[in-house]
Amino acid sequence: MLCFNDFNFPKEWEVVPNSFKYIDIVIKEIIGFGLIKENDQELKMIVNQAISIAAYFWPYANEEQMVMGGSVLCWCVLFDDPLDTNKLDEKKGLEIVSRTEKLLLTRTLPNNPTNLEKYGFTIFEKCLKYCGTNTHMYDMLIKLTVQWIYSIIPFNKLNESPVHPETLKYIRKINIGIEFTQSIFYIINSNNKVDLIVLANPLYQKLVDLSSLNISFVNDAASFCKEIKDGGSDNNLFIILMKRLGGIEFIKEAYKQLTDLSNGYIDEFCYYEKLLLSSLSKQQQNEIQIFIDHLKYLMKGNQIWSTKTIRYATEDHPIIQLRNSTNKLIENNINMDKVSLTNKNYI
């Protein structure tokens, strides 16, 4: 039996989640764009579960900001899903990424736009309008969104051969989407005065990288059963560590390696936070502290959300906090006795 609390995020990083009212508004949006049907209760619930994490990411945002952030996350989920699960062939996937990049960079819809492209165009234009004259924050959002969409297909290619943990960690820093998520927070706070030189500081980037890795470690542990069932275990660090140790019988040892790595990065985060703040003026410290705190909310909030959502829940999950026998919507159950992680035949 494994314990999720072995990921030892400081208690003071925990905050009460925001209201979930934005979810119904966002779902009505995507129904209006023809992305899901009004009577498709199952798909509506899946979207609900996916974007509910925004309440943990932005605990102090107002309703307008939550709808804006929730809409961008929803677009992210709808864009990522067919690419992330290899539902499309490579050529079609690359075409979608290229079309989306052009849409974002030129702020122009392509010929014969899809409903998802229309939705993406609309919500990103809302983000730009919200920024007012502080368009530099919008520029950062676009830059990091393009960076993220180009990481999806390479990340999936890790399934094609055994991957070294360091290779996975390098790609995962981008693919996990935390820098992209942080850029949504830049939009939310675009009316606050911020010295962009501070956000360009390499010590701040180090904090973003450490946050990205920590969230990816938590996600890999939480999604263990889901990844085994869906065949995505070749790019899951938790499972890779198990395979390198010799198989499923080494699950406890692999989990300790993963949590030790995470906790070491938490210590590094605290160290580099102090180092960064000590190098700044008092005004710069005040400007950047809100963004550093947000990274903490992302890390701790993601851990808490993982125990609340049915996205990863299953009655036989090896992590006790993620066991849920009432999850009937998303089928993640696997037979642990039939799991083999010594080769490609996982089940």
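Glycine residues also receive a Cβ, built from the backbone N, Cα and C atoms like all the rest.
Keep in mind that this is a model prediction, so the values were computed, not measured.
For the motif 'DDxx(x)D/E motif' (80-85), the model's pLDDT averages out at 79. Among the features that Swiss-Prot reports, motif 'DDxx(x)D/E motif' is placed at 80-85.
Residues annotated as motif 'NDxxSxxxD/E motif' in Swiss-Prot, with similarity to another entry given as evidence: 219-227. Counting residues 6+ beyond its ends, the motif 'NDxxSxxxD/E motif' (219-227) has Cβ neighbours under 8 Å at 2, 4, 7, 176, 233, 236-239, 255, 258-259, 302, 306, 311-312, 314, 316-319, 322, 330, 332-334 in the same chain.
Each residue of the motif 'DDxx(x)D/E motif' (80-85) gets a DSSP state, and the totals for helix, strand and coil are 5 helix, 0 strand, 1 coil. Helix, strand and coil counts from DSSP across the motif 'NDxxSxxxD/E motif' (219-227) read 8 helix, 0 strand, 1 coil. Long-range contacts of the motif 'DDxx(x)D/E motif' (80-85) within the same chain: residues 93, 96-97, 152-153, 155-156, 230, 232, each at least 6 residues beyond the stretch ends and with a Cβ under 8 Å from a Cβ of the stretch.
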